[in-house]
Amino acid sequence: MRLNSVALLSLVATALAAKAPFKIDFEVRRGESKDDLSPEDDSNPRFVKRDGSLDMTLTNKQTFYMATLKIGSNEDENRVLEDTGSSDLWVMSHDLKCVSAPISKRNERSFGHGTGVKLNERELMQKRKNLYQPSRTIETDEEKEASEKIHNKLFGFGSIYSTVYITEGPGAYSTFSPLVGTEGGSGGSGGSNTCRSYGSFNTENSDTFKKNNTNDFEIQYADDTSAIGIWGYDDVTISNVTVKDLSFAIANETSSDVGVLGIGLPGLEVTTQLRYTYQNLPLKLKADGIIAKSLYSLYLNTADAKAGSILFGAIDHAKYQGDLVTVKMMRTYSQISYPVRIQVPVLKIDVESSSGSTTNILSGTTGVVLDTGSTLSYVFSDTLQSLGKALNGQYSNSVGAYVVNCNLADSSRTVDIEFGGNKTIKVPISDLVLQASKSTCILGVMQQSSSSSYMLFGDNILRSAYIVYDLDDYEVSLAQVSYTNKESIEVIGASGITNSSGSGTTSSSGTSTSTSTRHSAGSIISNPVYGLLLSLLISYYVLV
C-alpha cells in the first residue's frame with residue numbers, strides 16, 4: 001500500500017507532537033514579595049538600605065520567574081510564577097477577594113530565618129494521623145480547638161524564600177520540629193493589592209472547566225499571607241502546547257498578587273495532607289504523551305538577564321560545558337521511602353584565593369536543596385564563617401550578613417562546589433556579591449537555621465549550573481553552564497539521558513551530534529520515529 005504525501009506529513013506531525021520538546025520561556029522579575037514585583041525593565045537584584053551604611057536592615061528582593069498560561073475554552077491569560085520547590089498550580093479567580101497581610105508580618109521581611117509555610121496545630125495533628133492512622137478521617141473537637149492556640153509558637157516567620165507550598169510531605173511534622181529551608185512567604189503588601197494584575201480565570205466562561213468535589217484548596221505562608229479556593233481541571237495552554245484536563249486550584253481569596261506554577265515532586269502537593277497526590281504539570285505532560293519522561297532542564301541565564309527558559313522532556317546541549325553528571329535525590333524524611341523535595345548531596349566546597357590556592361570550607365556529605373525560588377543561598381553557620389573569613393568579610397549583626405569588599409564584584413575567583421558523583425560547579429564570587437550602597441557590599445550567602453537538616457542553594461549559585469530534574473527516577477543531572485542564545489536540543493526518551501556531553505563553551509555553543517536530525521534552525525531533535533517517517537516521506541517523493 002502506498003501512502004500519499006498528505007498522510008505521511010500527518011504521521012510526521014503526529015510523531016513530532018507526541019514527543020517534541022516543550023519549552024517555556026520565562027521572564028525574570030524581582031521584588032520583596034509577590035506583591036512587590038519590580039517594573040518590567042528592572043531584573044537586577046535589589047536591596048533596601050535603612051539607618052546608615054553599615055547599621056542597616058536589608059530587605060531581600062527575591063527572584064521570580066514568570067510564565068504565561070491560557071486557561072479554559074475562554075483562554076483567560078494568567079502570568080504565574082514558576083517554582084521548582086512547590087508542586088501545585090493555582091491562579092486567581094476573576095471575582096476573588098483581595099486581602100492584606102498583617103502589617104507586623106509585612107515589616108519583618110528581612111534576612112531573618114524564615115520557617116516557610118506556617119501550619120497550625122490542627123494541620124500538624126492531621127499530618128501525624130496521615131502517617132500513623134491512615135484510615136482515620138474524622139477530627140475530634142479537641143483537635144479543631146487546638147488550631148486556635150498555636151499561631152507562631154512552633155514556627156517563626158520571615159520572607160527569605162519564594163517557595164509557597166503548605167505541605168512538607170507525609171509525616172514531615174511527626175516530631176513537631178520546625179524545618180527551615182525551601183519554603184517562604186508569598187507577599188501581601190496591603191491595601192494596594194489588586195490580586196488580578198497578572199491575570200485571572202473566570203470558570204463560568206469556560207465550557208471545559210470541571211470543579212472537583214473535594215476539600216477546598218488552601219495555602220498559608222510564614223508571613224501570614226494565604227490563598228484559599230477550589231480545585232478543578234481544565235485545558236491549559238503553555239507555549240502553544242495545550243494540556244487537556246490539567247488539575248489546578250482557583251483562589252477565591254488571597255493576599256498574594258500572582259499565582260504559582262509549581263513543578264516539583266508530587267510529595268509536595270498540598271493534597272498529601274489528605275493522603276493522595278495527583279498529576280501536576282510535569283507528570284501530566286508525560287501521561288498525555290507530550291513528553292516521554294517527567295523531566296525538565298532549567299537555564300537561569302546570567303545574573304543580569306531578563307529571561308531564561310525551562311525545557312520539558314528535553315536537554316539543550318548547547319547550554320552546558322563538559323558532561324552532565326547524575327546524582328540521586330536524597331530522602332527527605334526517614335519515614336518516607338522516596339524524596340519529597342529536590343535535595344542532593346554536596347561533598348565539599350572550596351574557595352579560590354587571589355593567589356590561586358584554595359581554602360576548604362565544607363567537607364563531608366551535606367544535603368542541599370536546590371531552590372530556584374530563592375534569590376540568595378543559605379549554609380550552616382560554620383560554613384558561612386569559613387566563607388566570610390576566606391573573603392576577608394566582617395559579619396554585621398545588624399544586617400545579619402557578611403559585609404565584603406566591593407572589589408569582589410569584579411573578581412575572577414570562584415567558589416568550587418563538588419556535588420555527589422564528583423561533579424564540581426564553579427560559582428563566580430562576583431555572583432555572590434550584592435551592592436547595598438555605593439560603598440557597601442553584602443555577601444549573598446546567609447546563615448541557615450541550626451534547626452534545618454539541609455542547606456539551600458538559590459539562584460545566585462544555581463545559575464552557574466545547567467540542571468536537569470528527573471522526577472520519575474528522583475535524579476538531578478548537573479554540568480557547568482554555558483551562557484548562549486544558541487540551541488542544541490535533544491528529546492529524552494523513556495529510558496532517560498543517553499547523551500550527557502555538552503556542546504557549549506563559555507563563548508559559543510557547539511554543534512549537533514551525528515545521531516541527531518535537523519528539525520529547525522538552531523535546534524537539534526533526536527527522535528527515531530520522526531527520523532523514520534521523514535525518511536519514508538523523502539523516499540515517497542523520490543519514487544513518484
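Each position is counted from 1, following the chain as shown.
The backbone N, Cα and C atoms fix where each Cβ goes, glycine too.
Quick look at what Swiss-Prot annotates:
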ACT_SITE  Thr167  active site
ACT_SITE  Asp371  active site
BINDING   Asp83, Thr84, Gly85, Asp371, Thr372, Gly373, Ser374, Thr375  pepstatin A binding site
DISULFID  Cys98-Cys195  disulfide bond
DISULFID  Cys406-Cys441  disulfide bond
DOMAIN    65-479  domain 'Peptidase A1'
CARBOHYD  Asn212  N-linked glycosylation site
CARBOHYD  Asn240  N-linked glycosylation site
CARBOHYD  Asn252  N-linked glycosylation site
CARBOHYD  Asn422  N-linked glycosylation site
CARBOHYD  Asn499  N-linked glycosylation site
REGION    31-50  region 'Disordered'
REGION    500-520  region 'Disordered'
SIGNAL    1-17  signal peptide
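Site extent for pepstatin A: among the recorded binding residues Asp83, Thr84, Gly85, Asp371, Thr372, Gly373, Ser374, Thr375, the largest C-alpha separation is 13 Å. Each of the recorded positions Asn212, Thr372, Asn422 was ranked by the number of other C-beta atoms within 10 Å, and first place falls to Thr372. By neighbour count, meaning other C-beta atoms within 10 Å, the densest spot among the recorded positions Asp83, Asp371 is Asp371. Most Cβ neighbours within 10 Å among the recorded positions Ser374, Asn499: this distinction goes to Ser374. A straight line from the CA of Asn212 (N-linked glycosylation site) to the CA of Asn252 (N-linked glycosylation site) spans 15 Å. Listed glycosylation sites: Asn240, Asn252; maximum Cβ neighbour count within 10 Å falls on Asn252.
Within 10 Å of the Cβ of Cys406 (disulfide bond) there are 17 other Cβ atoms, across all protein chains. The number of other CB atoms found within 10 A of the CB of Thr84 (pepstatin A binding site), across every protein chain shown, is 25. Mapped onto three states, the DSSP output places Cys406 (disulfide bond) in helix. Using CA atoms as reference points, the recorded positions Cys406, Asn422, Asn499 were checked against Thr375 (pepstatin A binding site), and the closest is Cys406. Within 10 Å of the C-beta of Cys98 (disulfide bond) there are 17 other C-beta atoms, taking all protein chains into account.
Note on Gly373 (pepstatin A binding site): other Cβ atoms within 10 Å of its Cβ, all shown chains, come to 26. Rounded to a whole value, the Cα-Cα separation of Asp371 (active site) and Cys406 (disulfide bond) is 26 Å. For Cys195 (disulfide bond), the same-chain residues that are 6 or more apart in sequence and have a Cβ closer than 8 Å to its Cβ are Met92, Leu96, Cys98, Thr254, Ser256, Asp257.
Ranking the recorded positions Asn252, Cys406, Cys441, Asn499 by Cα distance from Thr372 (pepstatin A binding site) puts Cys441 first. Comparing Cα positions, Asn240 (N-linked glycosylation site) lies closest to Asp83 out of the recorded positions Asp83, Gly85, Cys406, Cys441.
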